[in-house]
Amino acid sequence: MCILTLVERKHLKNMVHVRLLVMMHILIIYSTFGAVRRPINIRVLEGNSCDTPQVIGGKCMNISLCDPAFVHSIAYQEHTPVCQQNAFYRVICCQPFLDFCENSKQFQIMHGIEAEPGMFPHLARLGLKSEEDGIAWTCSANIISERFLLTAAHCNPVNIAGLGCAESMQCDQQNTVKSFISNPKYKTSFKYHDIALVELEQNIRFNKRVLPICPYISKTDLHESEDLVIAGWGATESHFQSPRLMFATVRTVLQNDCKDHYASLLKASPNKKLHQGITDEMYCAQGALVDNVTEYIDACSGDSGGPLQTKQNNNLYLIGVISTGFGCGSSSPGLYTRVASYFGWIKETVSATRDN
């Protein structure tokens, strides 16, 4: 017969408590995340394709880029393998925000280059359609989900969207605009918070020529040496409106430099629409000076709402929405609405619409 001392019994009781606590933690973790089927290679690099029982043709993405509806779903909580993570950065296999991202190959593009078909599958056109005059295309927009486009708030009013448009009057798909949702802070008399969501009546039919673009969510300016791309159908140096999609390369003008430039410019030539100067919600970029002319590569009226974009990890990311400037091709940087500053509003608005 084994007789335990008081000390031994107390130690045994403590060990039982420890084991119970460990079992409780295991049960909590299991009930929260479920049995995760580990992929063959758990250290998949960001941007690579991945598959899970719930996600076919997904992509390893920063969790903040995932579709919010998916992140809060049972499928995510129970069966989403981690592609890559550390204490500060988590990458999972999911449908990127919003739905999925493309894997890529009235402002006008001054001194731009004609785009090849399907080069910018996220780019859409916005316009007004009437029985008398047909369609008058007035702005550009960016596909961010199967039902939403992102554009400039000053593009309103519009009632039709063209998708997969290679030439001025030829689009693979046309979709009726259900609602035009300007950012609540936007005022028509000013050039601030110039961003809007366009909700379409029907889901977009995705194909190689029609795909969404990922939002660039960092609020830090990209390096001045990195090439950025603008695109649109606006007027060129030789046409009031380009019959074909054009694109051009520009580079970042750092925020402080841009603020100083416009402060001097607005002091000499006051503009009530820019009475606050350049704000942090704006992104500044400028193209090179064109040889033999006194103009810079730039966007002008007709391209409004189009993209300022960068390519990273084989994906195109939307940095800004073409908004305004101080004359086409001028020496002043072009002004773009910084998408990262409105990322929360975009997510909330799209998610709220889905829930209705």
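Indices start at 1 and increase along the chain as displayed.
Backbone N, Cα and C define each Cβ position, glycine as well.
The annotation domain 'Clip' is assigned in Swiss-Prot to 49-94. The disulfide bond feature in Swiss-Prot is assigned to C50-C93, C60-C83, C66-C94, C139-C155, C258-C284, C300-C328. The domain 'Peptidase S1' annotation in Swiss-Prot covers 109-351, and the record cites sequence analysis as its basis. Residues or ranges marked as active site, charge relay system in Swiss-Prot: H154, D194, S304.
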Predicted model, mean pLDDT over the domain 'Peptidase S1' (109-351): 85
CB contacts for C139 (disulfide bond) [other CB atoms within 10 A, all chains]: 29
Around the Cβ of C94 (disulfide bond), the count of other Cβ atoms that are within 10 Å: 27
Rounded inter-Cα distance in Å - D194 (active site, charge relay system), C83 (disulfide bond): 36
Nearest-integer angstrom distance between the alpha carbons (Cα) of C50 (disulfide bond) and H154 (active site, charge relay system): 39
Cα-Cα distance linking S304 (active site, charge relay system) and C284 (disulfide bond), given in Å to the nearest integer: 15
Neighbours of C93 (disulfide bond) among the disulfide-bonded residues C60, C83, C139, C155, C258 (Cα to Cα, within 10 Å): C60, C83
Neighbouring disulfide-bonded residues, C-alpha within 10 angstroms of S304 (active site, charge relay system) - of C60, C83, C94, C258: none
Other CB atoms within 10 A, centred on C258 (disulfide bond): 23
Spatial separation of C258 (disulfide bond) from C155 (disulfide bond) - C-alpha basis, Å: 24
Proximal residue to C83 (disulfide bond) among recorded positions C94, C139, H154, C258 (C-alpha distance): C94
